[in-house]
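Heads up: the structure comes next, in structure tokens.
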Amino acid sequence: MAERADLVFHNKAIDGTAMKRLISRLIDHFGMAYTSHILDQIKTLGFQQATATSISLGIDDLLTIPSKGWLVQDAEQQSLILEKHHHYGNVHAVEKLRQSIEIWYATSEYLRQEMNPNFRMTDPSNPVHIMSFSGARGNASQVHQLVGMRGLMSDPQGQMIDLPIQSNLREGLSLTEYIISCYGARKGVVDTAVRTSDAGYLTRRLVEVVQHIVVRRTDCGTLRGSSVSPRNGTITERIFIQTLIGRVLADDIYIGSRCIAIRNQDIGIGLVNRFITFRAQPISIRTPFTCKSTSWICRLCYGRSPTHGDLVELGEAVGIIAGQSIGEPGTQLTLRTFHTGGVFTGGTAEHVRAPSNGKIKFKEDLVHPTRTRHGHPAFLCYIDLYVTIEGQDIRHNVTIPPKSFLLVQNDQYVESEQVIAEIRAGTSTLNFKERVRKHIYSDSEGEMHWSTAVYHAPEYTYGNVHLLPKTSHLWILSGGPYRSSIVSFSLHKDQDQMNVHSLSAEQKSISNLLVTNNQVRHKFLSSEPSGKKGERILDYSGPNRIICNGHCNFIYPAILHENSYLLAKRRRNRFIIPFQYNQEQEKELITRSGISIEIPINGIFRRNSILAYFDDPRYRRNSSGITKYGTIEAHSIVKKEDLIEYRKRPKYQTKIDRFFFIPEEVHILPGSSSVMVRNNSIIGVNTRITFKTRSRVGGLVRVEKKKKKIELKIFSGDIHFPGETDKISWHSGILIPPGTGKKNSKESKNFKNWIYVQRITPTKKKYFVLVRPVVTYEIADGINLATLFPQDPLQERDNVQLRVVNYILYGNGKPIRGISHTNIQLVRTCLVLNWDQEKNGSSMEEVHASFVEVRVNNLIRDFIRMDLVKSPISYTRKRNAPAGSELILANGSDYTNLNPFYSKARIQQSLTQHQGTIRTLLNRNKECQSLIFLSSSNCFRIGPFKGLKYNNMTKKSNKRDSLLLIRNSLGPLGIVPKIANFSSFYYLITHNQILINKYLLLDNLKQTFQKLKYYLMDENGRIYNPDPCSNMILNPFNWNWYFLHHDYCEETSTIISLGQFFCENVCISKYGPHLKSGQVIIVHVDSLVIRSAKPYLATPGATVHGHYGEILYKGDTLVTFIYEKSRSGDITQGLPKVEQVLEVRSIDSISMNLEKRVEGWNERITRILGIPWGFLIGAELTIAQSRVSLVNKIQKVYRSQGVQIHNRHIEIIVRQITSKVLVSEDGMSNVFSPGELIGLLRAERTGRALEEAICYRAVLLGITRASLNTQSFISEASFQETARVLAKAALRGRIDWLKGLKENVVLGGMIPVGTGFKGLVHRSSQHSNISLEIQNTNLFEGGMRDILFHHRELFYSCIPKNFHDTSEQKFTGFIDS
């Protein structure tokens, strides 16, 4: 009775953990048998009560949490703001995903915490509440899904779906939510199946590695130990106790001079408590790592057996127990795949909140600006940062630990409880970080730009993978490549350095021409050496460089002759855009044709002048002949408007549908040559005409002599001698349409095609008719060039239109002579500029065109820019004037004076600007060539900006635009084509003519004025400004304008440069509209034209795919982010972690890649200590280090799951995978071959015996490799790759000593554990006899073996029962592999 009185009376609800504690205390107090009796009674009691209560669960018992509505609403609001930031390019996709997941996770967690108090207050006897919180059925997570919200689900890959399920199961799910939750549920079911098999396989491999480890000895005599220190802050007290209990001390422990524990004493709970209270020095304990042998273990190094609390028995198969202890929780835990919370939290960081309102102050030198995980700006502090918050009457000091983010700025006013800093979740948190790649794909097609320098990743110097050094935007500029059914082209400017990326219209990718196995060569033929050698200068000054670039034909890879090279001769302002034909059906080589865009040197087009032309290869002949237009001559009467002007020669456009070409073969021979055929004779094909030439066609020969030359024509065709009745017109020839037969002729046959009938009179009386075949050409629309140049993006009035015009290059009936082997173009398709003439067109209008170069980061883009302008000054063109001088004013020499012949009104009227813009983009990139077309959807116009006031002295406020007027008529300043000494003119409006010079005083400024400036510009980009009182500085390299603001400007103007990028919602001027995101391509006086672009944010370390300026299609990979994410905590993710650690896969998640660390330790230590010691100590230290970190990693996984596994089990396994070294190179000793895996101890012994260094380094084997590198080939063969293992063993003549369990099981022998263990000791005496016989037969080898194991015997001489081991080791010294 006395005992019972000591027990305390407990009056409280007992849950699972309390039950565990109760049972363990009962066992301590009463022992096993009595405890089980008590527990039986408890069980009976429980069942009785449950039967009486009979809890049932109905749908009404599921009470939803009232605060859910506003919590969800709040989270949605945050997500919306986030979405906006992502759209503006402030955060990138990974940050957005991470933050939105964290928002929802926090919401879900908050609801979950609300759940319990809510039940407790509203309905404490609720069945759901009773069941789940007593631990009977259902856990918090499941109840949370019933009454809170289901929250985030993961997809089959284990990635989070960032669309949370907001409803709970009580309210019911929407359709989308249902589908997403099916994802998660299906994953749960599949995982359970898959993971069970995974866990089983893991167990099998673990057992395989350690099956031969048995306790064979009481003490191995080791002097080493692992030190464990309670002071070290990294281990908690609980883990410290777990580590120590059941171990054996390796050293005496003193407190002061008093010894409280001696070596080889096993540690019980009492001793541990004393250690904790005394906080003694680090405690050195024996672990399986310190044991001397690799193939067995001794009792003291193993410690207590966890089953009965005493030292482990001899003959215990501890290896198998260890393997099963680690593998088994895996199989158990796979059943827990219900997705419980711990998903994707980035270790939700702790926050530091402000204690009171006030101003915050800290030292700014100690912090660095950075981005948080969510892309918010913050400051990072590297050391402890002291922050003071000054309120009205109180100062608070807050210390912020290192590596934290400060979320406020210096001197900022903070409110109480505002978050001022975020402490990084320390490394001690038990969630696993792993590196994940996330690809971001482009949403639209377009051209890629980036705004900072980008490094090539070192492995891919020539590839298209780049690394970003700092945070920057990637821009996808809209506008796609021109896709045509038959053509693809590339554009080369003079002297461009090109790469082999060419855009092919058929393939969607940038096709490498090397695909068709033709090596594409680039030849640069230049008429003069360009600059110094080695400088890659793009030189545009030479007027006639020839560049020939080798686009081989896709059809015949082997042919590389002249036609397959495109010779693009570039005059000063002419581009040729070559088309590329890829016609599979006609197996012939079609030479390239190209669109030529030509701009006159002064950049002025009149109406109806030709902007570009294209030679259609369908209207191309390589033989001579005659063109005829239709039979009716009236068609060739041309109306006045159809006059188009080309290179100052008018051409007539003939409105005909078809024309005819009559081929003939023409040879023009020198007068002296002897002709071998007669006039009017008929010859066949390939007849010799002169010594060198032969005829290509057969037919009638006509020979004429002209001016010292003989012209010889061969007409092919049929000859008819007409009867009396046939009247043939006396014309030179007529065309007869198909279907008309010869009248009254005997053979009235119909002609299928058009024919040309020509009358030939060889003599006066006789004549006959030659019927010649005719090639008919229908003039189709040709290639629709208008699609190349989309109409004006901004749909303005007064626009320049483009007409497509076909005209025939040769007149009616004119003979065409082809020089030998050249092609004759019959029809040319032209683009003609046209615009609506004003009715009262007093002055002539003209178009000013220029190639605009927009330069961003050394990538030059060419636009063609056209502006329709009334010519301000009527001009006369002098015949011999140089090209640039066409626009000189009547008295152009005096440039301070405006032209006096025009009144004020007249000038203002003539300078109203008609903006006609046809814009196309010529890409002049080094790497990929294409035309990019901007259509109206890709551009938008901003402007005009109103509201900048100039205050004059007369206090008149005159509204002007915030962009000062620049050059109203000739397009934007600074984009003059870079032509040598091209003088460009900038007109600025003057309201009253006032003479201005630099001595003017301010009181004269009664009117607003701007003045006319001349700039002279040479091709280097320098600007010579003859006018000293200019108020504009031009920086020629960036083409920026800096406006010097005068005193009368109230606000400064924004600097807008050509090629600048804007993000959305950036304000340019105070009153101006908000921008969309894009790149400025045209700056007008009062407005901008912006090419729309989408920004993608990329942070350092991201990989950019693709080249700068490359065309990307929708869905192409743009960037790859590598980011750390925390795996969700359930064991489904945990098990693969254990497996990765045990297999030592070099996955980034193994902290900083253990293998690399191992190599690092190996090298450094060897370097410090020199060769022989270096290898030994290097390997030892390396192995010790890696062992500790591996054990900690594996424990971390299991602890996070709440599974307790004793360290020694893990240590036994880790010992097996870290105890081998790799022989690195062959020294003098030929004992081991390089690349051989040997045990560390064996390497040391051999090194000592041979007194010579063996070079080796520590390696980490995975468990699979370790299983295949054991002492026993039978065990290896029964594991994996049976045939290979057995074959190798046979070739090497390996001997299996049957020491392990598995080999004996396979062969049916007695296994050497437990009672069978003693048998092994008796058997060993026979081994020693065999050993002696062998020594006699091979004295040298035996002697060497003696040396080898001599030191071993010294060690063991003091230990009883050492006879068995040493003899056996002697025998197996060299043979075991």
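A Cβ is built for glycine as well, from the same backbone N, Cα and C atoms used for every other residue.
Note that the coordinates shown come from a computational prediction; the quantities given were computed from them, not determined experimentally.
The Zn(2+) binding site feature in Swiss-Prot is assigned to C220, C291, C298, C301; the stated evidence is sequence analysis. For C220 (Zn(2+) binding site), the Cβ neighbour count at a 10 Å cut-off comes to 22, with all displayed protein chains included.
Counting only same-chain residues at least 6 apart in sequence, those with a Cβ under 8 Å from the Cβ of C291 (Zn(2+) binding site) are C220, T222, I297, C298, C301, Y302, R1215. The binding-site residues considered are C298, C301; of these, C298 has the fewest other C-beta atoms within 10 angstroms of its C-beta. In the three-state DSSP assignment, the secondary structure recorded for C298 (Zn(2+) binding site) is strand. Mapped onto three states, the DSSP output places C220 (Zn(2+) binding site) in coil.
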